[in-house]
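A.B. asks: I have a structure here, written as structure tokens, and I will follow up with some questions on it.
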Amino acid sequence: MLYKKSKTNKESGLLVFLDRFQSLFAKRNVNYRQLRLILKYKLLLDTRDTSFFTVFMQMQTSNTKQDDEIPTARGLLRSLWYYGIYGVIFGLLLLFGTSFSAMCYFFLAYFMILFTTILSSFSSVLLDPRDRQIIGVRGVNNQTLNAARLIHISYYVGIIAFLLVGPAFLILIWRASPVFAILFLIDVVLFTIFTSFVALLLYFVILHTFNGDKLRNMINVFQVAFMILIYAATQLPNLLDNLDVSFTISPIWHWWSIIAFPFWFAAPLAAWQSAWTPSLIIFTSFAILGLILSVIYYLHISSQFEVMLEKLAVHSDKTPRIGVWQQLMAWPYRHNLRKREYFNLAWRLNQTERDYHLRVYPVLGLTVVIVFVFLVEFGIDGGHWEALLQNRWLTLTVYAMSFSIPQLIINLRYSSTPEAMNVFKVIPEFHAQVFRQATIWMVVARLLIPQALLLAVLLTPLLGWQALITDINATLYSLLISQIIAGQSMKLPFAAVYTASQSSSLGLANSFITVLVLIPGVGLNAVALIPKFGWGNFLITVAWPIILDLALHQSNKAVTISSQG
């Protein structure tokens with residue numbers, strides 16, 4: 001029985017479009033009436049759920065006039081303006097040519113942005129086990145649930161793809177021809193479908209391999225590692241330029257082309273402009289075959305995907321073990337039981353905040369990448385690494401780690417379960433200021449100190465003992481900046497709901513504070529690097545942040561939750 005749309009209610013354009021394909025859903029054992037109802041309320045809840053797509057957007061409830069109206073894409077478009085900026089940049093790149101190399105770079109950049117967005121921003125929707133627990137028990141089969149999930153994600157992926165590709169499509173109409181632009185658009189649509197299914201299949205492999213808490217941790221590790229890899233890949237042009245590596249990509253099949261699937265989809269466009277060659281035929285064949293196999297295989301495992309999502313709802317009953325590093329970092333609180341318990345509590349809460357990891361860990365990885373980009377950019381003279389040892393000023397690059405602090409500290413405000421902190425607010429002996437200080441030290445101990453140790457191990461052999469001293473100095477200044485930012489931007493950690501607009505404004509203000517605090521530190525450190533000055537100046541340089549850290553710590557020591565109003 002076909003669904004008949006009511007004339008009284010305003011409907012989403014997506015639902016109106018899907019109404020035309022009811023028979024296709026029936027062939028896939030999908031109950032269209034149930035599918036439509038699920039999608040309707042998923043789209044409505046997107047405007048209510050503050051955790052939905054928090055990495056890159058916050059849709060406002062003002063986009064809907066009445067509670068029963070489904071939001072259109074207009075509100076989303078207003079919140080995705082910077083994807084449009086990416087699209088303009090991608091389009092401008094095609095002004096320089098539409099060769100095979102240009103198309104390969106376009107598809108590679110498009111893949112990086114789209115794949116990262118799917119992994120980070122859509123993971124909470126793709127991997128939501130509540131659909132089966134809440135909706136599945138009401139007679140909705142797995143095929144219908146999976147179809148609703150897939151269409152829900154595809155709706156937003158399509159909008160992002162439109163913003164990324166639209167400017168390039170218009171430029172190609174003028175730069176090449178309307179026919180070529182249409183072929184380009186078809187190619188991009190197919191590549192978008194392929195990229196989406198590759199992401200889903202990767203998630204399926206992880207779901208199939210791991211269970212429980214280890215599964216959630218592995219998903220988080222996979223997401224963060226890929227985002228760091230993307231950040232590192234964006235710096236490759238600078239590195240290749242310094243190493244005199246050619247940027248031209250020849251349309252010749254190599255063994256590594258098996259995994260270079262952005263190149264597969266550039267081949268048909270290159271063949272249209274020139275002629276079909278054996279290599280281009282192989283590239284195109286892999287594109288067609290990869291797309292067909294990925295779609296068929298996902299449709300085959302779609303029902304299993306829903307069943308495996310139940311693994312995410314399984315929680316381990318084991319009490320997390322306190323590791324050696326955590327015990328070592330709790331040493332400053334060895335004589336204060338309350339502070340030590342606050343520190344361990346903050347450590348455990350931070351371990352469970354996977355959204356925090358997604359927002360913060362890529363930034364930490366990026367700062368390490370930036371340090372080595374500076375080394376390659378300014379430290380290599382004629383391609384000889386020995387020049388690094390003669391350029392002691394490069395030790396100042398370790399201060400790049402300080403620019404991740406605003407992101408680290410500000411995101412401590414937020415939690416996926418902020419209501420839990422309300423319990424502590426009513427405890428008479430709970431000191432919010434002490435808990436905040438313990439949380440700050442937890443972040444420094446858990447994230448900044450390991451990063452500083454990594455930089456010290458990597459840079460000291462290259463730059464000498466100056467790098468080690470500068471690394472210590474940068475770490476001390478990072479602790480100082482952390483206390484300043486936390487003091488003016490956070491009353492109680494893990495007690496607020498994430499909002500992108502508020503986080504961005506706080507991040508901008510605190511980045512300015514970071515620069516102001518770093519200026520004297522970097523200046524003193526630079527003076528100490530002058531050859532005629534010795535260890536004495538370094539000791540003075542290191543002493544300043546220690547004194548400031550202790551002074552700021554003592555000034556905040558007596559403040560409790562009652563003084564915060």
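All residue numbers here begin at 1 and follow the chain in the order shown.
Cβ from N, Cα, C; glycine included.
The shown structure was predicted, so the numbers you read here are calculated from the model rather than taken from an experiment.
Feature table excerpt (TrEMBL):
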TRANSMEM  80-100  transmembrane segment
TRANSMEM  106-127  transmembrane segment
TRANSMEM  153-174  transmembrane segment
TRANSMEM  180-206  transmembrane segment
TRANSMEM  218-240  transmembrane segment
TRANSMEM  252-272  transmembrane segment
TRANSMEM  279-299  transmembrane segment
TRANSMEM  358-380  transmembrane segment
TRANSMEM  392-412  transmembrane segment
TRANSMEM  440-459  transmembrane segment
TRANSMEM  507-527  transmembrane segment
TRANSMEM  533-552  transmembrane segment
A.B. asks: Go through 153-174, 252-272, 279-299, 440-459 and flag the stretch with the largest number of C-beta pairs under 8 Å relative to the transmembrane segment (392-412).
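C.D. replies: Top-ranked stretch among 153-174, 252-272, 279-299, 440-459: 440-459.
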A.B. asks: Counting Cβ pairs under 8 Å that sit 6 or more residues apart, are there three or more between the transmembrane segment (279-299) and the transmembrane segment (106-127)?
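C.D. replies: Contact absent: fewer than 3 Cβ pairs fall under 8 Å.
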A.B. asks: Other than its close neighbours in sequence, what residues sit by the transmembrane segment (80-100), given a CB gap under 8 Å and a spacing of at least six beyond its ends?
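C.D. replies: Beyond its ends, the transmembrane segment (80-100) has Cβ neighbours at 56-57, 106, 109-110, 113, 159-160, 163-172, 175-176, 180, 249-251, 266-267, 269-270, 273.
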A.B. asks: Short question: which residues 6 or more past the ends of the transmembrane segment (180-206) have a Cβ under 8 Å from it?
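C.D. replies: Same-chain contacts beyond the flanks: 98, 107, 110-111, 114-115, 118-119, 126-127, 150, 153-154, 157-158, 161, 165, 168-170, 172-173, 215, 218-219, 222, 261-262, 265, 268-269, 272-273, 287, 290-291, 294-295, 297-298, 301, 304-305, 308.
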A.B. asks: So which residues does the transmembrane segment (153-174) touch in its own chain, when a touch means Cβ under 8 Å and the partner is 6 or more beyond its ends?
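C.D. replies: 14, 43, 53, 73, 76-77, 80, 83-84, 86-88, 90-92, 94-95, 98, 106, 110, 113-114, 117-118, 122, 125-126, 180-181, 184-185, 188-189, 192, 196.
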